[in-house]
Amino acid sequence: MQTNFLSQQFNAGFLAENFTACPANATICDGTSCVLSEDNFNQTLSVVLSTVLTIMLALVMFSMGCNVEIKNFLGHIKRPWGIFVGFLCQFGIMPLTAFLLSLAFNILPIQAVVVLIMGCCPGGTASNIIAYWVDGDMDLSISMTTCSTLFAMGMMPLCLFIYTKMWTDSDAIVLPYDSIGLSLVALVIPVSFGVFVNHKWPAKAKIILKVGSIVGALLIVIIAVVGGILYKGSWVITPKLWIIGTIFPAAGYTLGFFLARVAGLSWHRCRTVSLETGMQNTQLCSTIVQLSFTPEQLELMFTFPLIYSIFQLLFALLILGGYRLYRRYHMKTKTDVEKTAEKEDSKPSAKMNGGFVSDEMK
């Protein structure tokens, strides 16, 4: 009977637009998306994997901290040109891009809100892992992720107030400050231990870093697979959100890179800012969405954070692959980082202000 009931919810026009129908055991289904109720297996799997992945992530961030030097990290904090550029990307470019995409595709108001929430979220920790593999500035990457998470407590409400007024009351959106605080703590504590180890035992820190970088790469893949398993019943959604979920991270990476280059940052810092801009904290977005909206509203937006996370990872891997190919065939003797370091050593002012020198653009 449930199958018959659901089949009555679909008319020919909907089938022509979406090319598929909701599963018979969907708990929410009105023609735009489907959500399946979690069974006991999924609930148990979610708890176990969340615990394991949290521990793994803490260990990975500890290893990333082993590549951070206190002197360089404090240099970015004291003269935060690179952090400032990242701030403009994170809370300037991304919310504005979300707003423009929502208008361009003329999506429903509730769907526009979830796109804007994603655009207002701080950077995710996965960016630190990818930044390491593309020879980015790890000191800048860690400081940007930390600062963006800290600034999010004030900037998220402000950006949502500015951009969501035409669609909904921003007071209806619940910001989980406890989750933001936990994300900050989960980042700062393991990284701090890693920085300490690097300061005291640099040789051991290099070994930890190599192991952690490999585990981190595997962790990103595992998280993507787990997301697909736990939310396998949520894939029927309006094509417009699929398109936005594809364009949005690509726009973040591209615009972040060009703004960083225009600001005069060196190439490895441009790569860092690009990754920090495009890779959002999708877990935080999912939490905000689930706290703020009813099940009937969730049906229209539930899957978007997962779609974004898949494509942000896909484009990050393409960037990584492209950079590795470039380094292999065009950088025979020295890496881009080594060349940049030599430039900055000969220009003390560039080292202190994040690389803002006019002839570096040549």
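Any Cβ shown, glycine's included, is placed from N, Cα and C.
Unlike curated records, TrEMBL annotations are generated automatically.
Among the features that TrEMBL reports, compositional bias 'Basic and acidic residues' is placed at 337-348.
For 337-362, the entry in TrEMBL reads region 'Disordered'.
Look at TrEMBL and you will find 45-63 (among others) tagged as transmembrane segment.
Marked as transmembrane segment by TrEMBL: 83-105 (among others).
Look at TrEMBL and you will find 112-134 (among others) tagged as transmembrane segment. Among residues of the same chain six or more beyond the transmembrane segment (112-134), those with a C-beta under 8 A of the stretch's C-beta atoms are 57, 60-61, 64, 67, 86, 90-91, 94-99, 101-102, 141-142, 144-145, 148-149, 151-152, 155-156, 159-160, 163-164, 167-168, 173, 180, 183, 187, 209, 213, 216-217, 219-220, 223, 241, 244, 248, 268, 271-272, 275-285, 288-289, 301, 304-305, 308, 313, 316, 319-320, 323-324.
Same-chain residues lying 6 or more positions outside the transmembrane segment (140-163) and placing a CB less than 8 Å from one of its CB atoms are 64-65, 68, 73, 76-77, 80, 82-83, 86-87, 90-91, 95-96, 98-99, 116-117, 119-125, 127-128, 131-132, 170, 173, 175, 177, 180-181, 183-184, 187-188, 191, 269, 272-273, 275-276, 281, 354. If you look up TrEMBL, you'll see 140-163 (among others) marked as transmembrane segment.
Within its own chain, the transmembrane segment (175-195) is flanked in space by residues 54, 57-59, 61-70, 73, 122, 125, 142, 145-146, 149-150, 152-153, 156-157, 205, 208, 281, 284, 287-288, 291, which lie at least six positions past its ends and keep a Cβ under 8 Å from the stretch. Residues or ranges marked as transmembrane segment by TrEMBL: 175-195 (among others).
What TrEMBL records for 207-229 (among others) is transmembrane segment.
Counting only same-chain residues 6+ beyond the ends of the transmembrane segment (241-260), those with a CB under 8 A from a CB of the stretch are 85-86, 88-89, 93-94, 97-98, 101-102, 105, 107, 111, 115, 118-119, 269-280, 301, 303-304, 307-308, 310-312, 315-316, 319. Summarising the annotation, TrEMBL assigns transmembrane segment to 241-260 (among others).
Look at TrEMBL and you will find 306-326 (among others) tagged as transmembrane segment.
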